[in-house]
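Data first, discussion second: the structure below is written as structure tokens.
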Amino acid sequence: MPGRAPLHTVPGALGPWLLGCLWAWTLCGLCSLGAVGAPRPCQAPQQWEGRQVMYQQSSGRNSRALLSYDGLNQRVRVLDERKALIPCKRLFEYILLYKDGVMFQIEQATKQCSKMTLTEPWDPLDIPQNSTFEDQYSIGGPQEQIMVQEWSDRKSARSYETWIGIYTVKDCYPVQETFTKNYSVILSTRFFDIQLGIKDPSVFTPPSTCQIAQLEKMSEDCSW
């Protein structure tokens, strides 16, 4: 166009300034593309039922249970499963009502009930928005693969993590959560057979025996 100088011949400081602006815009564009392509934490389902296998370092045991999870009302119900005959093994049902700050422990055979105060705050089963993306990979063999993403609480100032969560790419179902301390696994839970929704909301209602509940936690073995 008449009267418009080529960029490389703009007199004075205006030329370098325009070049700097173009360079900055180019960098911003590249950053935007990177941000769009970067994985972001998905939103896990708020209400679902399934099964879990939990390993606790303190006991050295794996425990199996049915799980009802209600994130909307901050409550969880865990029902111990018997998968093998273990001498002197008592099976319990646990109802955790975080809004009320209480947990009920009910022995399945006798309905004996203990009522205890929840000391830990509600911690939803999902991926925190400030989590660090670690990896994406498939579980299973050919024709049976499920894509999952691995997230952690690792930060740049710390080279190790204390929490790792694995969730499916599709629908954001929980697959596994692992907690570590001093490089050792202290708690690891695997989730499977997940179905959306709560089939029977009454599972969160303690039985009538809990009206006269004791205040001490019952032992899992026969030494009561």
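Keep in mind that glycine also has a Cβ here, set from the backbone N, Cα and C atoms.
Per Swiss-Prot, the feature disulfide bond maps to Cys42-Cys172 (among others); the stated evidence is similarity to another entry. Annotation for Cys172 (disulfide bond): spatial neighbours Cys42, Gln43, Ala44, Pro45, Asp126, Ile127, criterion Cβ-Cβ under 8 Å with sequence separation of six or more.
Feature annotation from Swiss-Prot assigns disulfide bond to Cys88-Cys222 (among others).
In this structure, Cys113 (disulfide bond) is part of a beta strand by DSSP. Around Cys113 (disulfide bond), the same-chain residues at least 6 positions away in sequence with a Cβ under 8 Å from its Cβ are Phe104, Gln105, Ile106, Glu107, Pro206, Pro207, Thr209, Cys210, Ile212, Ala213, Gln214. What Swiss-Prot lists as disulfide bond is Cys113-Cys210 (among others).
In the three-state DSSP reading, Asn130 (N-linked glycosylation site) counts as coil. Residue density at Asn130 (N-linked glycosylation site): 8 other Cβ atoms are found within 10 A of its Cβ, drawing on all protein chains shown. If you look up Swiss-Prot, you'll see Asn130 (among others) marked as N-linked glycosylation site, on the strength of sequence analysis.
Per Swiss-Prot, the feature N-linked glycosylation site maps to Asn182 (among others). The Cβ of Asn182 (N-linked glycosylation site) has 7 other Cβ atoms within 10 Å, all protein chains considered.
The signal peptide feature in Swiss-Prot is assigned to 1-37; the stated evidence is sequence analysis.
Taking the C-alpha positions, the distance from Asn130 (N-linked glycosylation site) to Asn182 (N-linked glycosylation site) comes to 22 Å.
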